[in-house]
C-alpha cells in the first residue's frame, strides 16, 4: 500500500523543479494511498490538490492549507465530511463516489464561506430522499451541487421544508449506520477467517506429513532432489501453479461482493498478491543464459561478434610493408573509451565492448607486447595494430599468457586520426 512520502511529492513536483515547499498544485492520484498525511506541513502554499482514486478513509491533516482552493478526493473510502474548517480559501470540493452515509456531517462545511461547488454524487447519502434539498438548505454559500446550478427558488423552497427534510435525513442516516455496522462486522469476520486459514497452512507439516526438526537428520530423497529436478518437471510445476492461480483469481472475481471500503481494500490486496505471484513465477522461469564459448575445449579460438544492440562492422588488413596486421573496429563514435577492453594474443584478438565480446582469429601470429590500440578522432573507430612475428606458425599453439592493451583516453586525444 502507498504512503505519502517526501520522495513521492518531489517526483510529482517536476513542474516546480522538485521544490515542494512552494508547490501550488500537486497530483497524487492512483497511488494506493491509505492515509492523508504530511502535506499540510510540507506544502502549505497548495492551491490545487488531486487525490482521486486512492484508498483514503478519512479527511485529515489538511487544516493548515489556508490557500487551498480545490480539493479532489473522488473515488476514495471516505465515510464522513470532516476536518476542512481550516481550509479558508476552499471553493471547490469533489467527493464523488465515496462512502459518505452521514449526510449531516456536511454541516462542518458551513465554516468554508468561499465554497461554491460540491460534488457528492455516487455516495450512499446521494440516494437519500430529500438529499439535494438538505444540502442546498444547509450550505447556503453553495452555487453548484453535483454539477448542477442551484437556483434561487430552489434554495427558498429547501429552506421552507428544511425541518421536515432534516428529520427524514436523520432517520435514513440511522438506518444506513446500522447496515454499515453489520457490513463492518462481516468484513472483520471474513478477514479473521482468511488470517486463520493462512496461519493454519503455514503451520502444516511437510508434504509427506512429517516434521523435520533435526538439521543433521537425512531428508527423504524427494526433498534432497527437489532442487535437482529436470527442467521439464520444473516447467510442469510452474504451469500447474499458474493454472491454480488463474482458478483462484477467477473464483475471486466471480464471487459476489458488496461495494464497501473493505471490499475495495480486499480487491487491491488480491491484485497485489496476484502481481507478486506472477513476478515470482516469472523469476522461476528465467534461465541463466550460458556464457558464450570463445575458446573450444581443444584450445581453438572462435570468431565471435556479439556486441550489444547490433553487430560491429570491422576490417582486417595485412600490411605487408610494415609487417603488421591492422584491425579497424567500428565501435560507436560516442562510446566512452573506458567501456572498451582490448586483449591481443598471438593467434587472435578479443575486444570487449560494454562487456560484449568481439573475437577474431588472426591469419598470422602477432606480437602481443608490441601491439597498440587507439581511437580515431574523426570516426571513433578502434584501430589495433599488431606486428607479425618473423616465424610462421602452424596450427593453434597452447594458450599463452594474455596481454591486455589498455586504451588511455588522455593519450588518444594526442594521437593521429586512424587511417
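Quick reminder: no glycine exception, Cβ is built from N, Cα and C everywhere.
Annotations in TrEMBL come from automatic prediction, not curation.
Note that the coordinates shown come from a computational prediction; the quantities given were computed from them, not determined experimentally.
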Problem - Which listed span TrEMBL calls region 'Disordered', if the choices are 116-139, 140-163, 164-187, 188-211 - result: 188-211
Handout entry: Annotated region 'Disordered' segment (source TrEMBL; candidates 374-396, 397-419)
Key = 397-419
Exercise for the section: Tally the residues of the domain 'U2A'/phosphoprotein 32 family A C-terminal' (128-146) by DSSP class, grouping H, G and I as helix, E and B as strand, and everything else as coil. Expected result: 8 helix, 2 strand, 9 coil
